[in-house]
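Chemist: For reference, the structure I am asking about is given below.
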C-alpha cells in the first residue's frame, strides 16, 4: 500500500507588525483587554502582499528544502477564506509562480479547519497511487475581511501562510482522522457574503467583513472539538499518553486551556504562538507546525505522534493524528 508523509514544512508572515497598543490608538481597546481575553499580543498585517504572495513564499521554501524540481509536484491545495479573487484560484497563482507545470491546483474553503481538511484530502490523493508529491498550504490575508471599527473581531486576526510538502511513503503516517461540518450553525461566523446583482434579482445586502457570535464559537470549540478528539483517540486506540504534541487552531488561549482539561492532556503538550500572530485561520496550524520544527520540538523523523485539530466557520471542525 501507498501512504503519505509530511517531509517538509515552511511558513511566512508579512513584515508589518501591529501590536495591541497600536490597535488601542485607532479603536476603543487596550493591550490588557485584548491579551486577557485572547492571549494575543501582536499580529502581522500585509501592506501590499496578497494571499497568493504569502502562499508563493511558502511554496518556494518547500521546493528549496526538498531539492525537488517544480515539475515533480503533482498537486497544490491552498486552504483559504481570503483568496485574491474567486477566479482564478490562489493555488493556480502559486502553481504558475513556481512553474509547477505538471501540478493541478485548487483552493479549499473550510475556514479555520481548512488546513486539516486539505491535508486529509491530500493524503487520499497520494494513497490512490496516482500522485507522488503534493503541497498543502494554508494562507490568509484576513486583514482585508476585518471591520477595523469592530474591536470584538479586529483584534483577533492576522495575516500569514504555512504549508507542508507531502510525499509518498511505504509507511502509514496519517494514523486517524475525523472531519465534521454543521451548516445549521453557519451564521455563528460569517464573512464575504455577496449580493445578488443581476437585472432580475431583488437584491440582498452583502456582509463583507467578519461577523462572529463569540460566545457561540467559544462554546462550540470547547464542546464539539473536545468530544471529537476524544472519540478519535478511542476509535483509533491511541491514548493521550501516545500524543507527543497537540497543534490546535490558534484562536484563543482560553479555548486551548479548556480543551486540554476536557481531553485530559497536559497543557504543556499544547503548542501555541497566537501571542505573536493572532488568529490566522487556515494558516495557523501549519505556521505552528513549521515553527515547532524550527525549534526542534518536532523532528520530522517519523518518531512522534502529533494531534492536528482545526475548528471554525461553517461550522467545521476536524482532527488528524499524524506520525511525523
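A Cβ is built for glycine as well, from the same backbone N, Cα and C atoms used for every other residue.
Since the structure is predicted, the reported quantities are computational estimates derived from the model, not experimental observations.
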Chemist: Out of 240-244, 245-249, 250-254, let me know the one Swiss-Prot marks region 'ACP-binding'.
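Modeler: Checking Swiss-Prot against the ranges 240-244, 245-249, 250-254, the region 'ACP-binding' one is 250-254.
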Chemist: Which residues does residue 112 (active site) neighbour through Cβ under 8 Å, counting only same-chain ones at least six apart?
Modeler: 249, 251, 279, 281, 282, 284, 310, 311, 312, 313, 316
Chemist: Do any residues of this chain, six or more beyond the ends of the region 'ACP-binding' (250-254), have a C-beta under 8 angstroms from a C-beta of it, and if so which?
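Modeler: For the region 'ACP-binding' (250-254), the list is 37-39, 112, 156, 217-218, 221, 272-275, 277-280, 284-285, 287-288, 311-312.
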Chemist: Going by DSSP assignments with H, G and I as helix and E and B as strand, what are the residue counts for the region 'ACP-binding' (250-254)?
Modeler: 2 helix, 0 strand, 3 coil
Chemist: Rank the active-site residues 249, 279 by the number of other Cβ atoms within 10 Å of each Cβ, and give the residue at the low end.
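Modeler: If we count Cβ atoms within 10 Å for the active-site residues 249, 279, the smallest count is at 279.
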Chemist: Restricting to the region 'ACP-binding' (250-254), what is the model's mean pLDDT?
Modeler: 98
